Amino acid sequence: MYGTAILITEFAALVALTPPFVTPLHQTRWAVAAFFFVFGVFIATWVPHIPLAKERLDVSPAWFGAALLCMGGGGIVGMIPVGVLINRFGSARVLIWTASLASACLPLLALAPTYWAFVAALSTFGALAGMTDVAMNAHGMEVEKRMGRAVLSGFHGLFSVAGLLAAGVASLLIERISEPERMALSTLLCMGLALVAGRFLLPADVDRGTTNKPLAVPNRATVGLGLLALIALLIEGAVLDWAGIHLRTTFAAEASLTSLLVSAFFGCMAVSRLSGDVLRTRLGSARVLRHSAWLTALCLALALVSPSAPMALVFFALCGLTVGLMAPVLFAAGGKADLEHAGRGMAAVVSLGYVGLIAGPAFVGFVAQATTLAIGLAAVAGLGLVIWAFAGAARIADQ
C-alpha cells in the first residue's frame, strides 16, 4: 500500500513541478494519458483473475462464458447514456466519476460469493468501464484538436504498455497476497491516479452540447470493414479470456503462468501498435492486415497443438504481436470509408469491433460447452482466415 501512495504522490509532484516551458495543454495531455494508463490497469488486473474466478464459482464453460458476456453487455448499456452525460456535464467530469467508480468495483469481482452476485458485479464494472472508455476518447479528441496534431494513437499505445506493466506486477503478487487484496491494491492505484490527473483535464464546458447529433446509417464499405473489425477484436477477446484457462485445464499450469501469459500478450501487442504506423507506410495497409491475419491463425493453431505449457504460452503471446496490428488498420480504413464524415465511419467500425470484443469470450464458451475448449479456440483461428480473404478492403486506408 505504501508503494501505491508513493507513486500517486510522485505523479502529483511531477505535474505540479512541471517546468514553465511545458504548457497547461501539455499537462492535460499527460493527464489524459494517465486515464488511458488507468484503463489498461483495469483490464490487466481483471484478466489474470478469470481462471481463478471460474474455479471459485465452479460453473460450466457456457455459464461462465455467459457471465463474461455480461461484462460486454454492461459496457454497451453504459455507452447508451454516456453521450447525454457528456453533453450535460462535459467529458472531464464524466471521465473522473466513471473511472473512480470503475476502480471501486474491482474488489467486488473477487468478493462476489455466488454466480449471480459475480454477474451483477461484472455487469456494473463493464458499464462503468465502457463509459470511461468513451469519455477518455472524447476528451483525448478535444486535446488532439487543440494541439493541432495526432496524439490519440499514442494514448492507445500507453493503454497496452499499462496492461503489460500491470500484468507483470500481478504475476509477481498472485502467489503472495490474496485475490481481494490484489484487487484492492489496484483500486487504490487507479482511483488515486484518476483523482490526481482529473485536476489537469480541460474545463468541463469544452465539449458540452456537441454529442447529441443524430447517427446516420453507415455505408456498405463501412459495414464491411466493421465486420472485419468485429472478427479481429473477437479473436483478441477470445485469446485474452480463454488462453489462460486452456493452460490450466490442459497442462495444470500455475496461476502465475497464466498471469505471465497476459503480460506477454500485452507486451507483444504494445510492440506491434507502436510499430504499426511504420509497417503501414512501408507495406501498405492491406498487406499488413493480410499477413497479420494468417499469422494470427497460425500462432493460435500452434498454441493448441503445443506439447507443453511454456510453448503454448509463447504462441499465445505471439498472437498479441499479430492481432494487435489488425484493429488499428481497420479503424483507419473506417475513417476513410465514409467520404462525407470520417468520424462517423470510424465510429461505426469501432462500435462493431467492440461487439466482437465482448462476443468473443462468449462464443468460445458456448462452442467449448458443445465440444471442447480446444475446438472453440480452433474456430477462432479459422476466423482469422476470413480476415485474410477480405484484407484487400483495407486499401482504402492508404488513399
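Placed from the backbone N, Cα and C atoms, the Cβ positions cover glycine too.
As given in TrEMBL:
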TRANSMEM  6-23  transmembrane segment
TRANSMEM  30-50  transmembrane segment
TRANSMEM  94-112  transmembrane segment
TRANSMEM  118-138  transmembrane segment
TRANSMEM  150-171  transmembrane segment
TRANSMEM  183-202  transmembrane segment
TRANSMEM  223-245  transmembrane segment
TRANSMEM  257-276  transmembrane segment
TRANSMEM  288-305  transmembrane segment
TRANSMEM  311-333  transmembrane segment
TRANSMEM  345-367  transmembrane segment
TRANSMEM  373-394  transmembrane segment
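Remark: the transmembrane segment (183-202) contacts the transmembrane segment (30-50), by the rule of 3 or more CB pairs under 8 A. Three or more CB pairs closer than 8 A are found between the transmembrane segment (311-333) and the transmembrane segment (373-394), so contact between the two stretches is assigned (pairs 6 or more residues apart). Long-range contacts of the transmembrane segment (30-50) within the same chain, counting only residues at least 6 positions beyond its ends with a Cβ under 8 Å from a Cβ of the stretch, are 11, 15, 68, 95, 99, 102-103, 106, 109-110, 125, 129, 132-133, 136, 139-140, 143, 154-156, 158-167, 170-171, 174, 179, 182-183, 186, 189-190, 193-194, 196-201, 240-241, 244-245, 255, 258-259, 262-263, 266.
Same-chain neighbours of the transmembrane segment (223-245): 47-48, 50-51, 54, 68, 258-259, 261-262, 265, 296, 300, 303, 316, 319-320, 323-324, 326-327, 330-331, 333-334, 337, 348-361, 363-365, 368, 373, 376-377, 380, 383-384, 386-387, 390, 393-394, 396, counting only residues six or more beyond its ends whose CB sits under 8 Å from a CB of the stretch.
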